[in-house]
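**Student:** Here it is, the structure in full.
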Amino acid sequence: MSRVLWTLWVLGAVTNLSKEEAPDQSSSLSCDPTGVCDGRSRSLNSMPSGLTAAVRSLDLSNNEITYIGNSDLRDCVNLKALRLESNGINTIEEESFLSLWSLEHLDLSYNLLSNLSSSWFRPLSSLKFLNLLGNPYKSLGETPLFSQLTNLRILKVGNIYSFTEIQDKDFAGLTFLEELEIDASNLQRYEPKSLKSIQNISYLALRMKQPVLLVEIFVDLSSSLKHLELRDTHLDTFHFSEASINETHTLVKKWTFRNVKVTDRSFTGVVRLLNYVSGVLEVEFEDCTLYGLGDFDIPDVDKIKNIGQIETLTVRRLHIPHFYSFYDMSSIYSLTEDVKRITVENSKVFLVPCLLSQHLKSLEYLDLSENLMVEEYLKNSACEDAWPSLQTLVLRQNHLASLERTGETLLTLKNLTNIDISKNSFHSMPETCQWPEKMKYLNLSSTRIHSVTGCIPKTLEILDVSNNNLNLFSLNLPQLKELYISRNKLMTLPDASLLPMLLVLKISRNAITTFSKEQLDSFHTLKTLEAGGNNFICSCEFLSFTQEQQALAKVLIDWPANYLCDSPSHVRGQQVQDVRLSVSECHRTALVSGMCCALFLLILLTEVLCHRFHGLWYMRMMWAWLQAKRKPRKAPSRDVCYDAFVSYSEHDSYWVENLLVQKLEHFNPPFKLCLHKRDFIPGKWIIDNIIDSIEKSRKTIFVLSENFVKSEWCKYELDFSHFRLFDENSDAAILILLEPIEKKAIPQRFCKLRKIMNTKTYLEWPTDDAQQEGFWLNLRTAIKS
């Protein structure tokens, strides 16, 4: 019994643990408000639960889902797109898609579906895109899969290994299919007319290793197909027989051979096939390999007529293993006379034989980009009578090194108007060059040139010199309409007077820091300007111009996203249209002028106030007093030499010398007075004499009169006495009114003296002789106090 309980407990614990470790499927989805749900690469092993009608798009690709049940998508009635590619799905229940009548995009590619059921697709009446590639089915089922998909426009079916047969019912009902991709790499059986039911199909991509059934498939689609692309096919065994085709009138306009392997012999078969069906205008070879030497044995070349209708031939990345043994292809020269456009890109072309160039009589466009052309071999290719109708020549990314020689080489091309020689290493440019006289377009981008000179033809209407090392553009090109000069080192816009017809200017990613309204207005015909990606200095003038000109946004095609401030530093990286500078930054001159004016007015006001309230006097007196205080004293402060210092006007000297001195110095005991006329030290600064005399006197007697108030030196003596009153906080001043004087006559700056006159008794000289004795008694008492 205990063992049973123990076993049950262990099973319960394991079950709970597995539940805890199992991921929450619904939480593995991230959905936005529009109903787009992303569940890619979440290691899901089953369909998420809780899917509702709110889901519009569901991506569950790159997971580990193996099974889709009837109820998994039941509520997704509004689902438009369902991506389930790259899972391990091997089972889909019959009614799994029953409610997906709104579904337009379904991708079930690269799963493990070995059997396809028509019941899956029957409810999908709105389906436009269906991808079933990479599943291991052998065929498309016993019953028509797609007969109910009347709105289907793009269909992809097949696989590399197991898809071996196409039956006549497989594509029934797909009347209006636009694009079809079939991976028939291992196709072994094709029932005739299996693709015949498809009408007006635009594009068929057919992947097949061996071309055994190629002609049969082509015949069924020839009357409805416009573009056939053949992929990953080994055409080395391909042989075409005219007897295999009954209908020669086709709708096919373009053939593309992608990653196809051909030999000299099989190439002949391709040419015969293209000749036998009329209407082909364009042939394209991409990433193909030619196992041969160019020895194309084409019998009855003169009978090949329809291939002459081909107007465009494109060859990209052609690999020729025996490249250095390759012939000149002279056997097919006559087939090229009516071709108008040829592109041979990245295929190691170093020479176009002169004879071939002369046969290309209708050629208007030739692109030899990413090859090995040099001036010497280009001269042979552009020989006399070569490419007589050529208008556009593209020699981008070859090995050209001299602009002068390149231009001279092309002089034989009388109708040449457009030349692209970008991504060659010219480095320098001569002062003069010769070019075909009808030149209208020249592309010199990415050629490492440092300057542009008169080598540029004046007949140009379009010039591209972008991605070089130019720091100046000063060419006079009177007919130029478009100038592309981005990714250089220009610091300013070109001079508009040199480009009077300019319509388009692209000058982004240079060293331009600003441009003005005047500069743009000087380009009278300019319609388009692209100047983003420069390091703009967002000055007030630049911001005002760019933000206030509403019409500027119509001219600047990359505005505002690519217009960023580089300085000032606090707005670096911000879009020009969003930057706002402060008043101090935008009106600095006015601000400085205002501050200067305010400072001037402040100084002027200060001077007026100083003059009105004797401010200069206060400062002068304070300075003098401080200087005096800093000087070392000749005698200690207690060594007083005089009883009183007498301050008086020269006009009152008679009264002082004959009355005051006589009454005080001849009194017993005598008083010692200090008079400036008698006791000042000769040669000493007068202010120092005044200060020293006041400091060496116990009292200071001021003989006040109208003359005293008007005397300049008396004012100084009053001044320093005034400072002494503040400094010592004493009552050392004795005022004698020699004659009546109003208090207003004493300057208000002598506030202490005025206060003394208001609060203390002063001596007034009596005119009555009887009262004079009392005056002298009071004076002597005041001096002794």
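Even glycines carry a Cβ here, placed using N, Cα and C.
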**Student:** Looking at 366-383, 672-689, 762-779, which one does Swiss-Prot call motif 'ATG16L1-binding motif'?
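**Tutor:** Here Swiss-Prot associates motif 'ATG16L1-binding motif' with the stretch 762-779.
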**Student:** Just to confirm my parser: what is the rounded mean pLDDT across the repeat 'LRR 4' (126-150)?
**Tutor:** 93
**Student:** 10 Å Cβ neighbour count around PHE350 (site 'Interaction with bacterial lipopeptide')?
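**Tutor:** I count 16 other Cβ atoms within 10 Å of it.
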**Student:** Mind checking which residues reach the repeat 'LRR 14' (389-414)? Cβ under 8 Å, same chain, six or more beyond either end.
**Tutor:** 360-375, 378-379, 382-383, 420-427, 429-430, 433-438, 441, 443, 455
**Student:** Sequence-remote contacts (6 or more beyond its ends) of the repeat 'LRR 19' (501-524), Cβ cut-off under 8 Å?
**Tutor:** 466, 471, 478-494, 530-537, 539, 541-542, 545, 549, 552, 555, 558, 562, 566
**Student:** Six or more residues beyond either end and a Cβ under 8 Å away: which residues meet both conditions relative to the repeat 'LRR 17' (458-478)?
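**Tutor:** For the repeat 'LRR 17' (458-478), the far contacts come to 422, 437-452, 484-491, 494-495, 498-501, 506, 511.
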**Student:** Let's see if you can do this one: DSSP helix, strand and coil counts over the repeat 'LRR 14' (389-414), in that order.
**Tutor:** 10 helix, 3 strand, 13 coil
**Student:** Are there residues at least 6 beyond the ends of the repeat 'LRR 3' (102-125) whose Cβ is under 8 Å from a Cβ of it, and what are they?
**Tutor:** 61, 66, 77-90, 92, 94-96, 131-138, 140-141, 143-151, 156
**Student:** By a Cβ-Cβ criterion of under 8 Å, what residues six or more beyond either terminus of the repeat 'LRR 16' (438-457) are in contact with it?
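**Tutor:** Same-chain contacts beyond the ends: 392, 396, 403-404, 407, 414-432, 463-470, 472-473, 475, 477, 484.
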